[in-house]
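Enquirer: Just dropping this structure here.
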């Protein structure tokens, strides 16, 4: 991995991070793609903001462009939308050397990435994530997915894009809740990395500070993710570290039925997994307070209604990191020192119950 | 790739070829899989023959087994069956460390392989191909697929199994047409390789000879495929050689609407692509006759009704090997000397019309 201020190189592709980059796409796309057919997949929130601008630039480069718009929201990560998109590609005679541009948040990135990975066994893909969460989380690492009734991201693939283009200025138009949600994922990365990254996070005292620090925060998060993913593309070991806060978080997301956004659920998950390990003496005293302070200052939630319910424990059993009769928990010994702890599934309840009965302090 | 008589090792997995291997699966599966949940995916033709035996052995090894049976035939390579199978895995709480066994012909292998590749972004897979075509063709190389109305194998993935187990004795129960169809693919491999492989093929004068020579024929085909796939997993170059006979063959298969089986369509495709290049003087005189002799002796077709129709040319435009305005044709200069020829799509008709108007000789 090479790394300069605005550019991170992964095995086969680059991530470009630059304010205003959406205004001059040719600079990045032209060296990569000869004129071809391109499907721009977007949603009905993001499309109206950016798709005309993107389309005009692609046509200027000599591409033939098809715009495919899905309804905004998690429900579009479905078999139904996959089939609609695939049929559109086939009807337009897309071949393997044509391309897809995913323009939108995490839902569009996950869905369009999955479609790109399976149409003709894989066609070229450029990710242009426009939400903070997608920029720091789902656009790097090659995970694509759709949801089943049984759980989020139950179907998907590992598929690397050809290029990821991030324009931090797009987060200025995000609703505050989505901005803050993305920041939850950033705090997760910072807690795993520690050092100077944790120092930048400490400069964020309110949502507006996220926008002020956007470029540094996005860059630090992606550089960390890239270093981990490069060493473990298929999630056999190290990459599981990125699931800090996700074991509890995914379960909550599932059963709270859309009430909690992903970054919010991860925030609650980080708070409680850290509290549980701190109570056991495996995490340095005060670490939970350090983390919850960062989350609370921007208004991220620290509790959820369903924490500790029977449904909550049941939902954890769908975790993709379950191996045999064990669930692999990610915790931190202190800020910047992550570790794994394999827990017997049968002991899940005993492990978490004590901490769920006490209130995490919000200092 | 290492290669002994009954074992071919690819990058991450082995192919075992052994008469009667279905009777002692533990020898091969036990070293690979700890006790876990296993879904055996099969169809209603193959299931009744082998599934009880396979299930009993898996249970004996300590696995929990779920049998999932799809209707036999190409129509099962559909979105519908993918969703049915995926829902069954989710309902049975399959996690990423559980496994799938594909027990059947090419349809089961393609479908179960695709399901394995996308369920939780990929779970373990053992292929047990029971048709000759699947044994020599679709079980090695990691191609998985389902069909769309727009074309065969339009959706799929590259996904390597953990192990491929081939019991040549299963082909004794195949209907003659399916046996001969698989042999069509073997002739394709032999024509690309030449040498001693082409000599074995010359010993086959009638369908019964295919069964007599089965182990050598299967071994030679897979060894060749493995050597090609190892050097080009994602089909960027060399692997396209395996499409000899397939550009015309796939188009025929599509428009003949189930009248031609895959190996039959490839036989016709090989005959005509070779005739076309021989007529142009790019293939040694007599090569077409050499190939058609091998095909005709076992009763493989050399012509098809729709050859040269408008639909035939249209169907070729869905070929996955189209790049820009060119289609990449695979031909042989002589037996054992394959080559590529990029042809402008606009010249397809001019190129093939002369040869379609004359009859290929069947000597």
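Using the three backbone atoms N, Cα and C, a Cβ is placed for every residue, glycine included.
Pasting the feature list from TrEMBL:
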DOMAIN    B:68-179  domain '3-dehydroquinate synthase N-terminal'
BINDING   B:106, B:107, B:108, B:109, B:110, B:130, B:131, B:143, B:152, B:170, B:171, B:172, B:173  NAD(+) binding site
DOMAIN    B:182-321  domain '3-dehydroquinate synthase C-terminal'
BINDING   B:185, B:246, B:262  Zn(2+) binding site
Enquirer: What does the structure give for the C-alpha distance between residue B:131 (NAD(+) binding site) and residue B:185 (Zn(2+) binding site)? Integer Å is fine.
Expert: 12
Enquirer: Closest to residue B:185 (Zn(2+) binding site): which of the binding-site residues B:106, B:108, B:152, B:171, B:173, going by Cα position?
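Expert: Given the candidates B:106, B:108, B:152, B:171, B:173, the nearest one is B:106.
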Enquirer: What is the Cβ neighbour count of residue B:185 (Zn(2+) binding site) at a 10 Å cut-off, with all protein chains included?
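Expert: For residue B:185 (Zn(2+) binding site), the count of other Cβ atoms within 10 Å is 26.
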Enquirer: On a count of neighbouring CB atoms within 10 A, which of the binding-site residues B:131, B:173 is highest?
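Expert: Selected residue: B:131.
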Enquirer: Tell me the coarse DSSP state (helix, strand, coil) of residue B:131 (NAD(+) binding site).
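Expert: DSSP assigns residue B:131 (NAD(+) binding site) to coil.
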Enquirer: What is the number of residues in the domain '3-dehydroquinate synthase C-terminal' (B:182-321) that are helix, strand and coil, as DSSP sees it?
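Expert: Taking the domain '3-dehydroquinate synthase C-terminal' (B:182-321) as a whole: 95 helix, 0 strand, 45 coil.
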Enquirer: For the domain '3-dehydroquinate synthase C-terminal' (B:182-321), what is the mean per-residue pLDDT, to the nearest integer?
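Expert: Overall, the domain '3-dehydroquinate synthase C-terminal' (B:182-321) comes to a mean pLDDT of 90.
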Enquirer: Kindly assign residue B:171 (NAD(+) binding site) to one of the three DSSP-derived states: helix, strand or coil.
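Expert: DSSP assigns residue B:171 (NAD(+) binding site) to helix.
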Enquirer: Where the distance is taken from Cα to Cα, which of the binding-site residues B:106, B:108, B:110 turns out closest to residue B:262 (Zn(2+) binding site)?
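Expert: Of the binding-site residues B:106, B:108, B:110, B:106 has its Cα closest to that of residue B:262 (Zn(2+) binding site).
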